[in-house]
Amino acid sequence: MTTVATTPAVPAGRPAGRKSKPAGGGIGRYLLIRFLLIFPTIFILVSMVFWLMRATGDPITAALGGRLGPEQLAERIHAAGYDRPILVQYVEYLGQIFTGNFGTTISTNRPVSEVLLAYGVATAELAFYGLLVAFIVGIPLGMVAAYFRDKGQDALLRVFAILCYATPVFFSGLLFKLVFAVWLNVLPVAGRATTGSELEMQLLTNPTGLYTIDAIQVAFQAGNTDVLIDVLQHAVLPSLALGLLTAGVFLRLVRTNVIGTLGTDYVDAARSRGVSEFRLVSKHAYRPALIPIITVIGLQIALLLGGAVLTETTFEWKGLGFVLIEFIKARDYVAVQGIVALLAVIVALSNFIVDIIAAIIDPRVRY
Amino acid sequence: MTSTSDLTVPRKPGLFSRLPVIHQLRQSVGLQRGMLVAGLVITGVFILTAIFAPLLAPYGFSQLRDESGRFGSQQPPSGEHLFGTTVGGYDVLSRVLWGAQTAIFVIVVAVVLSIFAGVVLGLVSGYFGGWLDRVLVVVSDAVYAFPSLLLAIVMSIVISGGRSDLIGGVLAAAISITVVFIPQYFRVIRAETVRIKAEAYVESARVLGASNSRIMFRHVLRNATRTLPLIFTLNASEAILTLAGLGFVGFGIEPTAAAEWGYDLNKALSDVTSGIWWTSLFPGLAIVLVVLGITLVGESLNDLADPRLRGRRRVAQASGLVAETSVVPGGTLVAGPGGLDGLESNATHPDTGLETRP
């Protein structure tokens with residue numbers, strides 16, 4: 001390594017880091033490379049989780065250690081194949097993941113994939129509402145902050161953004177619960193819906209598990225909008241708690257980018273034509289500032305999933321995060337491993353999708 | 001380092017004014033100075049609280065009774081218990097104050113460990129390049145993209161099986177957080193190393209026959225560390241949030257071993273439903289305040305280091321010194337709490353610094 005290549009800090013780790021072609025080297029090639037990169041990411045995360053969890057011993061002993069006699073335990077371990085060489089188990093596990101088989105939970109004896117499906121929809125719903133709140137709060141406020149740059153309003157909004165980040169979801173959740181559910185008594189304390197509504201939704205011929213959609217179905221079929229209102233009321237506080245966490249990030253992002261675009265030539269040109277300052281922010285500078293947000297959403301999905309674990313625990317929202325904690329408490333490490341592996345797949349996939357969208361919108365994003 | 005407005009050689013500023021934070025404090029104006037000062041004050045109070053917790057706290061963190069008997073559980077704030085008592089019968093005020101000590105301990109251990117590991121890995125990876133570099137970068141990208149709290153939970157299962165005594169619990173929390181942070185230091189140091197190793201003085205050193213390790217640790221490392229204080233402040237706030245998150249989902253430190261805010265909030269979860277506010281409000285506020293303070297410092301330092309974000313008036317002054325020290329173009333929250341992706345993504349997104357933390 002004596003001749004030092006003067007490579008700038010290219011986005012390494014992406015094999016296209018060689019930059020053999022100038023930017024815009026064909027979107028097809030970029031798509032392919034980006035797609036192939038999903039696999040090492042998933043592979044690394046899944047392997048990491050496997051080895052880390054196995055470092056604690058076999059799952060059967062962890063789950064049933066105190067409750068079964070040594071012979072019974074050994075029998076169960078043998079039946080599940082945990083007494084084989086760990087490498088064999090590892091390869092087998094990778095093969096299973098590849099075919100979508102995440103194992104069977106020890107505590108409830110259900111296939112992990114079934115658990116994932118049943119609870120994943122709840123998390124998806126929560127994450128969707130959270131993102132919605134983040135958009136509605138973050139983007140306009142970011143534009144306002146950019147418009148009032150370096151003035152009092154800007155300072156206030158920036159402190160607000162930091163506060164959004166500094167407040168743990170569970171603390172804001174607790175405060176919301178205290179104020180809106182207990183003191184003002186206008187919103188439900190916890191859960192995804194009241195038992196009555198849940199029963200009504202289960203009567204549907206094909207419930208999706210996404211309560212909003214199910215409740216709309218009920219509203220159409222039975223003309224009963226109470227269920228929909230109930231479901232939406234339950235969603236308000238958790239979505240706010242989760243959404244505000246991300247809203248601060250969006251606010252900052254929009255502010256910085258709008259300020260950046262406000263300094264460009266075409267904005268100067270528009271200004272010289274007499275376009276009002278407000279219109280400059282809301283029309284000219286704002287659109288290009290949105291592109292980076294798309295890129296950020298991909299990374300926000302990981303943040304949202306992490307936040308969802310805490311939000312779900314706070315609001316007893318029966319999603320993946322909620323059951324994850326339940327399984328951890330039950331020391332059911334097969335289930336934990338399955339859920340974490342699935343989340344790894346989701347994160348990798350969503351990053352891929354977001355990168356693709358960003359590449360389609362912004363031609364500069366090619367390697 | 002010199003002012004560009006005149007050609008006279010300026011006097012070298014005194015040592016005091018060249019100290020990291022002091023320098024920025026003098027450089028800042030108006031609003032930015034306000035934010036920096038506010039952040040420094042809050043952080044200072046936090047550190048002092050942590051140091052003097054034994055003197056400040058009216059009771060011990062695991063104290064359940066005094067001469068006049070048991071404290072009782074869920075007592076509202078009163079003269080004896082300014083912040084009331086928890087469901088377990090602990091004094092809330094004392095636990096909030098003692099919690100500062102636990103928090104700082106975890107921050108220090110976590111950040112020191114991750115700087116160590118991250119710096120060494122980043123140096124080796126950036127300096128030697130090759131397949132090792134590729135592998136490390138792919139691994140760190142994968143880890144970085146993963147929800148940090150989940151990773152910390154998995155680590156904490158591995159290390160302590162979930163619960164532990166003071167040293168074990170604090171170490172488990174710290175190591176769990178470390179694993180989350182290593183990729184960040186790794187990325188920053190690696191990017192710097194790749195840049196620096198192309199400099200002429202590194203070539204010169206090599207021509208003179210300096211060994212690889214000497215070049216790495218003497219020539220490259222010393223020049224690659226200037227961004228570390230900034231990442232340190234960013235990570236410190238994230239460390240507190242991760243610790244609290246771990247505590248909240250039940251991987252906290254036992255109440256008899258140490259006071260931890262996240263654990264207290266977890267126990268306060270059911271209190272809220274019955275309208276008991278003091279058990280959750282105070283530990284929660286403690287977290288928010290500390291994270292706010294540290295983030296304000298980090299934000300201000302980053303903004304001051306970025307000429308595009310610094311206050312408009314003094315942009316010309318001293319920009320040469322700091323222009324390149326901005327870790328996160330566009331502001332730290334933009335690049336994400338804990339996310340320093342902006343660094344490596346410059347190639348793709350010229351001046352936005354837009355990627356955020358998982």
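Cβ atoms are placed via backbone N, Cα and C, with glycine included.
If you check TrEMBL, you get these features:
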{"type": "REGION", "residues": "A:1-21", "note": "region 'Disordered'"}
{"type": "COMPBIAS", "residues": "A:1-15", "note": "compositional bias 'Low complexity'"}
{"type": "TRANSMEM", "residues": "A:31-53", "note": "transmembrane segment"}
{"type": "TRANSMEM", "residues": "A:126-148", "note": "transmembrane segment"}
{"type": "TRANSMEM", "residues": "A:160-184", "note": "transmembrane segment"}
{"type": "TRANSMEM", "residues": "A:235-254", "note": "transmembrane segment"}
{"type": "TRANSMEM", "residues": "A:289-310", "note": "transmembrane segment"}
{"type": "TRANSMEM", "residues": "A:339-361", "note": "transmembrane segment"}
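It is A:126-148 that, among the stretches A:31-53, A:126-148, A:160-184, A:289-310, A:339-361, forms the most Cβ pairs under 8 Å with the transmembrane segment (A:235-254). If you look at the transmembrane segment (A:289-310) against the transmembrane segment (A:126-148), you find at least three C-beta pairs under 8 angstroms, all six or more positions apart, and that counts as contact. Residues 154, 157-158, 160, 235, 238-240, 242-255, 258-259, 262, 277-278, 281-282, 285-286, 290, 293, 297, 300-301, 304-305, 307-308, 311-312, 317, 319 of the same chain sit 6 or more residues outside the transmembrane segment (A:126-148) yet have a Cβ under 8 Å from a Cβ within it.
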